[in-house]
Structures are given as C-alpha cells and as structure tokens.
Amino acid sequence: MDRLTSLIWLGGLVCLLVLVSWRTISCPYTKVEESFTIQAVHDILSYGIGPQALQRYDHQVFPGAVPRSFVGPILLAALSYPFILLSRLFGAVETSADVQSVVRLCLAAANVTSIAFFCQHCFATRAAVGKASASRTSSNDRTKAGLFLVITAVQFHYAFWVSRTIPNSLSLPFVVVAMALVCRNIRTQATRSNRGQHDARIAIFLLTFSAVVLRLEIVATILPVGLYLLATGQISLVKGLKTGIAAGAFSILITTMVDTYFWQDLTKAEAVNILSIFVKSLNGMRDVQRPRPLWPELDALLFNVVEGKSSEWGVSPWHAYVTSLVPKVLAFTSPLFAIGMLQLIRRKPSVADERARFLLLTAATHIAVLSILGHKEWRFAFYILPALNVVSAIGACSLMRSWPGRVTLASLLLLQIGLSWFTGYLSGINYPGGEALKLLHLQLSLTATPGVKVVVHINVLPAMTGVTLFQSVNLERDTSPGLFDRLADTLPATCKSDSCWVYDKTEDLPLSGPAASAAWSGFTHLITEASDCGVLQDESGAALPQSEQPFEMITPPIKSFAGLRRKSVSQIKADLLRLPKALLSTLPFAGGSSGQTLFDHVMRLALPVIIVEQPSIWLCRRKDVAK
C-alpha cells in the first residue's frame with residue numbers, strides 16, 4: 001500500500017504539471033478578460049518602466065480601459081524575465097509570441113508550486129502530528145494528498161485557467177499559500193507557538209495584500225480566516241489588528257504609488273517619475289485640477305458594487321454559485337465532494353479532516369458573501385477550488401478501501417478527464433483572432449511585396465479573441481534609455497525598423513461617405529469580422545457591392561465555436577459505422593492526412609453531438625496592394 005500511495009502522490013504531481021503545461025502550450029492565445037495583464041507585461045518587458053517609456057504603453061496609445069493594478073503585471077514580468085533570457089539562450093524562444101507562452105508558463109508554475117505547498121501542509125505528516133499518530137495516518141494522508149493532486153489536475157477549470165493572465169489567477173498563489181500556512185498549524189503542537197503566530201501573520205498579510213491590490217473579493221476569505229485564527233488562539237486580537245492594519249496600509253501605499261504613476265494622463269502633461277506624480281496626486285486631493293491618487297480596486301468597488309454597474313454584465317439568482325457555477329467547475333468530481341462531506345460529518349475527525357473543515361468554512365463564507373452581489377462569475381470563486389478538492393480527496397480516499405469503490409472512483413475520474421479534454425478542445429477553437437493573426441504572418445512571409453509597409457487594422461472581435469502585442473511578432477519595439485528600463489529589450493526582434501508592421505486597433509472608423517474611403521485607405525490589410533471584407537456601407541447601413549469595396553479576401557474565413565447540436569439517431573449510427581475505418585487511418589502505416597486532422601475527424605465521429613463552427617474572422621488585403 002505504501003508503494004501505491006507513493007505512486008499516487010508522484011503521479012498526481014506529474015499529472016498536474018504536465019496537464020497545466022499542455023493546456024498552456026496547446027492553447028497559446030488569450031481573450032479580452034486577460035488583455036490588460038498580458039499587454040502590460042509586454043510593455044514592461046519591451047519598453048521598461050521609466051517615464052520615457054510610458055507613452056508607448058498600450059493603455060496610453062489606446063485609452064479607455066478600466067484601470068487595473070500594474071503591481072501584478074510587474075511581479076509577473078519580474079518572475080518571467082530570467083526564464084525568458086534562458087529560453088532565448090537555449091533557442092526555445094524565437095519570436096515575441098513564444099515569449100507570451102513563457103510568461104504564461106511562469107504564472108502556471110507559480111500556481112502549481114503554491115498548490116504543491118498547499119497539498120504538503122494540508123495533509124498530516126510525521127513532523128506535524130508526532131510519530132505515534134503519524135504511524136497510523138501517514139499512508140492514508142499520502143493517499144489523500146495524491147488524490148487531491150489528481151483531482152485538481154483532471155478538472156478543466158484549474159488546469160486551463162491557472163496560466164491565464166486574469167487578476168484572479170495572479171492572486172491565486174497568494175491565497176493558496178496563506179491557506180496552507182493556516183492549515184499546517186491546525187491541531188499541532190505549533191498552533192500557539194512562535195511558528196504558529198508567525199504563520200498566521202504571514203497569512204493575514206498575503207490575503208490582505210492580494211485583496212487590496214489584486215482582487216477585492218478576497219475580503220470574503222479574510223473574514224472567516226481572521227475569525228478562525230482568533231477563535232483557535234493562533235493569533236491575538238491585538239496582533240491580528242496590527243498585522244491587518246499594517247498590511248492594508250502597506251498594500252494601499254504600494255498600489256496607489258505604482259498605479260498613479262502608470263495611469264497618469266499623458267494628454268495633459270508629460271510623464272514624470274513615480275515620486276513626483278504621487279506627491280502631485282496627494283495635493284490633487286484638495287485641487288481638482290491635479291491628478292488624484294489611484295487605487296484601482298477601490299475604483300472597481302465603487303463602480304461595480306456601489307454604482308451597480310456590474311449588473312450590466314448580467315444578474316444571476318442568489319443561489320447561482322451553489323446550484324450552477326460551482327457544480328459546473330466540479331463536474332464529475334461532485335460525487336466525490338458529496339462523499340467527502342458525509343465523511344466529515346459522520347466520523348471522528350483526523351488532522352486532515354479538521355483542516356478540511358476549516359477550508360470548507362472559508363469556502364462557504366466566501367460563497368455566502370459573493371452571493372449577495374447580483375453579478376456572478378465562477379472565477380470570483382476560483383480561490384475556493386483547492387478547499388473543495390481537499391474535501392473531494394477525502395471522499396475519493398474512502399472509495400479506495402474496496403474494489404467497487406475503486407471502480408467507481410476510476411470511472412468518475414475517467415469521465416472527468418473526457419469532459420476536461422472535450423471542453424479544452426472547444427476552448428481551443430474559440431480564439432479566431434489569434435489564429436487569424438498567425439495566419440496573416442504566415443501568408444505575408446511567403447507573399448510579401450518588398451518596399452510595401454504593412455499596416456494592419458485589427459477590429460474589435462479579433463482584438464478580443466487572441467490578438468495581443470506579444471502575438472504581433474513584427475511590431476517595432478524601440479526601447480527607452482531611462483534608468484529604470486533595464487527590463488527593456490527582452491523580446492527577440494524579428495524585423496528591422498524599415499520592415500516592421502503597424503498594428504492599428506483604432507475603433508469607430510467611418511463606414512460610409514468620402515471620410516470612410518480616406519480612413520480605410522491607410523491600411524494594407526485587415527483582420528475583421530466584416531463578412532467577405534465588406535467594411536464600407538451605403539447610407540442605409542447595407543454593405544456596398546464587392547466591386548466597390550477596397551479590400552479582398554486572401555484566405556478562407558477563420559471559423560470559431562458556435563455551439564453544439566444533437567445528432568439524430570441515424571447520424572449516430574452512420575458515424576459509428578465509419579469510426580473503425582477512421583481509427584485505422586490514424587495508424588502510422590496508413591499515411592493520409594496529418595495526425596491532428598485525423599484525430600479531430602475520429603473525435604467528431606465518436607461524439608453524440610455536432611460541433612458547430614461558423615466563419616467569424618476574415619483576412620483582407622487592399623486591392624491595389626501588389627500581390
């Protein structure tokens with residue numbers, strides 16, 4: 001049994017690392033909710049952080065974005081920097097698009113490392129509970145730890161989203177490490193010792209920092225954690241308040257200084273250094289003509305909660321987290337969670353059980369607080385997923401005691417793997433903007449006309465579905481000579497200044513009349529959602545005939561996922577009859593199409609539903625550009 005538990009532990013960790021890395025590499029593009037962070041990291045690595053560099057930043061070139069904190073992107077850029085240099089040294093990075101994958105892999109590695117730390121300290125060890133108790137429980141707890149890693153790995157949402165540059169993924173490592181520090185002192189001799197109090201203070205600091213700087217909804221986790229630490233004596237009320245106030249003051253100071261600097265309005269004055277703009281902003285609290293200190297998370301709270309603007313994105317019933325969003329995240333591991341809940345209720349708690357109860361308390365409180373708000377998204381509850389998986393691991397461990405239970409567990413995990421793979425496949429075909437830009441680079445590398453400056457206009461939909469500055473591999477990146485721009489020039493250059501492209505994301509261009517013809521004449525190529533490249537319209541809003549359009553298609557349109565449609569019984573039978581032949585064609589000696597194409601064909605035959613794809617993005621070239 002010891003050998004089996006060791007294999008489960010090692011296999012679970014390897015499985016988690018491999019799946020997270022595979023999700024990152026196989027789906028390299030990003031969407032609009034990830035846009036701010038990935039663009040900010042690009043600008044930091046490309047231009048540096050000095051005042052001279054700010055005018056090149058994406059949020060300054062294309063203003064209008066809702067302010068988010070630059071602290072997270074700075075931390076991610078600093079973490080990624082040495083790995084980018086190593087990757088370039090060994091030839092693993094050739095273009096800026098490759099750098100984007102390295103940045104996302106670094107974020108994924110930070111999250112996986114925090115989960116491994118959490119797993120190590122959440123389940124009992126000999127060092128934690130003593131030899132007498134550990135001799136009876138160590139093997140059982142290693143099994144739970146391994147199952148926790150396996151369950152986390154096979155769930156789609158964790159493996160897919162931990163490398164995604166949303167603020168929730170940036171703050172997740174801080175929350176997970178904080179919870180681990182609290183858990184490792186539950187029912188141990190160190191609970192009220194110096195180590196226990198030290199861990200409690202660090203946990204409060206990490207949670208406060210992540211709430212103040214990155215995601216304010218983490219306050220819903222701070223509340224139960226703080227009350228638990230007080231109730232169990234891990235920290236006194238005075239020390240807890242001192243730590244919380246100090247952490248809050250430090251975090252507010254950091255975010256206001258950094259973000260007031262990066263978000264300064266360059267249309268009114270030239271960029272100045274961080275101390276100068278911060279002093280001006282403090283004076284601006286009395287003078288409306290001057291800039292004011294910016295605390296992005298406070299602004300987001302006022303905008304979304306106080307003013308109720310988040311409801312414009314949709315309102316869900318109060319029970320949506322419990323009845324819809326969280327069950328969708330757990331999917332086929334939900335029965336394991338239910339079994340684990342029963343185990344925690346019915347039996348005398350072990351050390352791991354007590355830690356699971358604490359985690360369940362924090363998760364329930366977090367959900368209860370978030371349920372008060374009308375607008376709900378699963379990613380607001382991302383932080384509770386490790387807690388739920390601990391309970392699921394306890395349920396899975398109880399199934400390991402009998403052969404019927406093991407068969408049930410294996411079946412649930414296999415179903416979850418299948419669902420995660422299918423969901424990942426659908427997600428992978430939902431980034432038409434990124435695919436379009438990649439295809440345009442490929443097309444023009446083969447057919448580019450010497451002497452013609454490529455100016456690409458990128459419309460709203462492609463910009464929201466995969467187009468980023470990292471993916472703009474032929475972008476001119478001239479660095480700033482500032483003292484604080486030592487991170488600049490990190491990205492590999494793939495073009496000389498005279499052959500670099502211009503990537504334009506200007507919105508609301510005129511579509512009709514003489515002004516429209518003049519506005520669109522400056523572009524040589526388009527990446528657009530306008531069907532058949534018909535960007536110009538008549539006065540009634542109808543697209544002009546193709547003969548009067550200035551652009552023409554250069555490739556078939558890029559398709560994206562549009563939904564699922566149930567197959568008829570006769571179609572299912574016909575597809576199943578064709579399946580053996582399709583499977584044979586995937587064998588090495590069969591030849592034929594590429595492996596990925598054949599794999600997609602086999603998968604679509606085997607599914608009981610039809611994956612519907614529709615044209616969404618068109619690649620266009622101005623007709624007077626030489627072919």
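Yeah, the Cβs are placed from backbone N, Cα and C, and that goes for glycine too.
According to TrEMBL, the feature transmembrane segment maps to 6-25 (among others).
What TrEMBL lists as transmembrane segment is 70-90 (among others).
Marked as transmembrane segment by TrEMBL: 102-124 (among others).
Sequence-distant contacts of the transmembrane segment (145-163), counting only residues of its own chain at least 6 positions beyond either end whose CB sits under 8 Å from a CB of the stretch, comprise 5, 7-13, 15-16, 19-20, 23-24, 27, 104-105, 107-108, 111-112, 115-116, 119-120, 122-123, 169, 172, 329-331, 333, 336, 378-379, 382, 385-386, 389-390, 392-393, 396-397, 400, 413, 416-417, 419-420, 423-424, 427. If you look up TrEMBL, you'll see 145-163 (among others) marked as transmembrane segment.
Long-range contacts of the transmembrane segment (202-231) within its own chain (CB-CB distance under 8 A, at least 6 residues past either end) are made by residues 69, 71-72, 167-168, 170-171, 174-175, 177-179, 181-182, 237, 240, 243-244, 246-248, 250-252, 254-255, 297-298, 300-301, 358, 361-362, 365-366, 368-370, 380, 383-384. Look at TrEMBL and you will find 202-231 (among others) tagged as transmembrane segment.
TrEMBL lists 243-263 (among others) with the feature transmembrane segment.
Tertiary neighbourhood of the transmembrane segment (357-374): same-chain residues 122, 179, 182-183, 186, 217, 219-221, 223-225, 228, 305, 308, 310-311, 315-316, 318-322, 326, 341, 344, 349, 380-381, 383-384, 386-388, 390-391, selected by CB-CB distance under 8 Å and a gap of 6+ residues from either end. Taken from TrEMBL, the feature transmembrane segment applies to 357-374 (among others).
Residues or ranges marked as transmembrane segment in TrEMBL: 380-400 (among others).
Taken from TrEMBL, the feature transmembrane segment applies to 407-426 (among others).
When each of 70-90, 380-400, 407-426 is checked for Cβ pairs under 8 Å to the transmembrane segment (243-263), 70-90 comes out on top.
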